[in-house]
Amino acid sequence: MASKENPINRMAAETTKELATESEPFDRAASEVSPHITVYSKFLGWYASPLFQLVLVALICFLCPGMFNALSGMGGGGMTDATLVDKMNTALYVTSAFTSFFSGYCIYVVSLLTSLHKHVPGFNIFAGFLLGVCSSLLWTAQGTIMVSYPLEQQKGRFFTLFWSIFNVGSCVGSLIVLANSINAKTNVNVPDSTYIVFVVLTFLGSVIGLFVSDAKKVVRSDGSRVVLMKNPSWKSEFVGLWTTLRGEPAVLLLFPMFWSSNWFISYQTNSVNSAYFNTRTKALNTFLYYIAHILGACFISTLDLNYFRRTIRARGMLVILFGLTMIIHGGGYVFQKQYTRPLGGAKPSINTDWSDPGYGGPMFLYFSYGFYDVVWQGAVYWYIGTLSNSSRKSANYVGFYKGIQSAGAGVMWAWDSTHPAYMAEFASNWGLLAGSVICAAPMIWFKIKDHVDIEEDLVGTDEKLEEVEPTHAQTGDLSRVA
């Protein structure tokens, strides 16, 4: 009897086949128009494909947010006292909540380096504010590309590809910190050399942003184009936000998931990694945390497996999320009972090293937190992607997501700066995460469909069906591509 085909191998083969055809619409159209533009069209087909644009954005995030995550994962931005970074991140996330540029990451790291040698709180808070503006624009664009550029059956894999490249950056940044702190068996600030390397890398990331293609030039592998607003204005964009909510008010049930999606970061980095481990072990933990991110991103790609209808996959993912929430945080509760910080008190000096007996359990818990983080993020992005294939609507959904996410994170970072009890922070994480999954259930169960028709995506835009449907690319009309 022949062995049953491995579903992961099958999915990989399908991905290879799909992505190999990204430039075919351009090649076919060019051959019908003129042989003289064949080379140009092939380059454009490759460059303006959803896959290449996603990789470009992933490289930006590799160098900018990836390095930021490596520092943030240490707790306190690599400093022993997290108070300054709490205030900077409060400014960052509160600003991002209202503005949802990439140079902001570079300035943020420069401000941390400066603060090692001089007390410059004004510059530090400004750096957090600037990064809030810049990161909101980056993450809204990234989310829109990731959920609206791919075909419906590719969205989980596009998340996997982006998140893996992005978090390789976080892993590399963590290894840089680890290499510079390998002998630091106590809790000390990371050296200047670490910040200098990060300044250079984040600046390079901002340069890559100049090469991202205009969305109107992007053509999917089936010849369809991205649905946009051709002549957007401030008024049309505000109207678009209202139209998006009015057209699908059930999306409000996802807002608690949006709020909770970064709420737990300050607890994990400051109250667990920074409070319980020494400097070199924090760097190792951060590396392992983002390795878990890559593994979790690979898990999200299974949402593209077509053995079950999309509605069934959506419901199953929600059940898995709730199960992970209870299991991982159940273990976290047992761990958190071992140490504490009195309300308004100082951080305890535990300084656990990787060579100490009993390190394995807390390390695995922190690794599990990383896996849970990305499964949560991936599920939210995938749910957003099931609501629309339109870049316009997706940008609105992602804007809501990143804005509400940043508002929640800003509140949590501000709360952490007051030095609350660790158990209080932990309890807020567990309660919010479990509650938001339950709140989202009616929307996931009854509003997600197996397919979104292109006519639905065109509502509220000035695009026409013949301009975006797959058959348009087969006519040889390259007027919107060149």
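Our numbering is plain: 1 for the first residue shown, then up by one each step along the chain.
Here the Cβ of each residue, glycine as well, is placed from N, Cα and C on the backbone.
Per TrEMBL, the range carrying the annotation region 'Disordered' out of 3-22, 23-42, 463-482 is 463-482.
At the 8 Å Cβ cutoff, the transmembrane segment (363-384) and the transmembrane segment (194-212) share fewer than 3 close pairs (sequence separation 6 or more) and do not count as touching. Among the listed stretches 317-335, 396-415, 427-446, the one sharing the most Cβ pairs under 8 Å with the transmembrane segment (125-149) is 396-415. Ranked by the number of CB pairs under 8 Å to the transmembrane segment (250-267), the listed stretches 317-335, 396-415, 427-446 are led by 396-415.
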